[in-house]
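Note sheet for the following structure.
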Amino acid sequence: MLIDTHAHLYASQFEEDRTEMIQRAFDNGIEHLFLPNIDADSIPGMLALEEAYPNQCHAMMGLHPCSVDANYKETLAMMEKWFEKRPFCAVGEIGLDYYWSKDFVAEQKDAFRTQCRWAKALDIPIVIHARDSLDDLIEIVREENTANFRGIFHCFGGSLEQAKQIIELGFLMGLGGVLTFKKAAIGKVVEQIDLKHLVLETDAPYLTPTPHRGKRNESAYIKLIAEKLADVKGISVEEVGKVTSATALNLFGVT
C-alpha cells in the first residue's frame with residue numbers, strides 16, 4: 001500500500017483527465033489521497049472529489065499562506081464555519097511563505113496560529129507549508145505545542161538539525177519529488193532520519209519527480225518517490241510503503 005498525503009487533485013491542471021489520473025493512482029497501489037485546501041475557491045472542487053471517492057479521497061480545511069491577504073480574517077471565519085458543518089481529516093494547508101511575498105507576514109503568522117488552535121480544539125492534525133520560513137514555523141509550533149498537537153511539515157527540505165527539532169515536537173516530515181532530484185541535499189538528511197518520522201506526498205500537480213520533472217505531477221508518481229526513499233534507506237519499497245502508510249493513516253485517523 002502507498003498513500004499520497006498531499007495532492008491538489010482538484011487543480012485546473014487535471015480538468016481534462018481527472019478521472020483517468022485518479023485511476024492511474026489506484027492502479028499503482030495508492031489507496032488513499034489526502035487533499036489540502038488552499039482558499040475559498042478550492043473548496044467546491046475538493047469536496048466534489050471526496051464525494052466521488054469517499055473511501056479514498058480525504059479533505060482538509062485551511063487557508064494557504066499565499067492566500068492570506070487583507071481580508072484573511074473573513075476567509076478564516078468562513079472556514080471555521082465549515083468545521084461546524086462536517087469533519088475534516090486535518091487543518092491544512094497552513095503555514096508561512098516568505099518566498100513569493102513578505103507583504104503579509106504578520107497576517108500569515110496570525111492566520112497560522114489561529115488555525116493551529118482550531119486543530120488542537122478539534123483534536124486533528126495540521127499540514128504545514130514552509131517556504132523560506134522553516135525556523136519561524138518550528139518556533140511557533142514549539143510555542144503552540146500541547147499533548148495532542150501533531151501534523152506534517154509538508155515538502156520537507158530542511159537540515160538534519162531542523163529535522164531533529166521537528167521530531168522532538170512530535171511532528172512528521174513529508175517527502176516528495178524533490179527527493180528524486182539529482183542535486184537535492186535532502187537525501188543525505190533523510191538517510192539519518194528514522195522511517196517512522198516520514199510520510200510520502202506528491203504535491204500534485206507541482207514538484208514532479210524525476211524522470212517526469214518539468215511535466216505535470218500526479219499521485220501515481222508516489223511510487224517513484226517510494227522507490228527513491230527505499231534506495232536512500234537501503235530497504236525494500238514494500239517496507240517503505242508499509243511503514244509510511246501506517247504512519248499516515250494513524251496521523252489522520254483513517255482506518
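Cβ from N, Cα, C; glycine included.
Unlike curated entries, TrEMBL annotations are predicted automatically.
Take the CB of E93 (divalent metal cation 1 binding site) and look out to 10 A: across all protein chains shown you find 29 other CB atoms. Feature annotation from TrEMBL assigns divalent metal cation 1 binding site to H6, H8, E93, D203.
In the three-state DSSP classification, H129 (divalent metal cation 2 binding site) falls within a strand. When other Cβ atoms within 10 Å of the Cβ of H129 (divalent metal cation 2 binding site) are tallied across all protein chains shown, the result is 25. Per TrEMBL, the feature divalent metal cation 2 binding site maps to H129, H154.
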Distance check, please: Cα of H129 (divalent metal cation 2 binding site) against Cα of H6 (divalent metal cation 1 binding site), rounded to an integer number of angstrom.
11
Beyond H6, H8, E93, D203, what residues of that chain have CB atoms within 8 A of the centre of the divalent metal cation 1 site's CB atoms?
A7, P36, V127, H129, H154, C155, E201, T202, A204, Y206
What is the total of other Cβ atoms whose distance to the Cβ of H154 (divalent metal cation 2 binding site) is within 10 Å?
25
Provide the number of Cβ atoms within 10 Å of the Cβ of D203 (divalent metal cation 1 binding site), excluding the reference atom itself.
22
If one looks at the chain holding H8 (divalent metal cation 1 binding site), which residues at least 6 apart in sequence have a CB under 8 angstroms from its CB?
L35, P36, I38, S42, D203, A204, P205, Y206
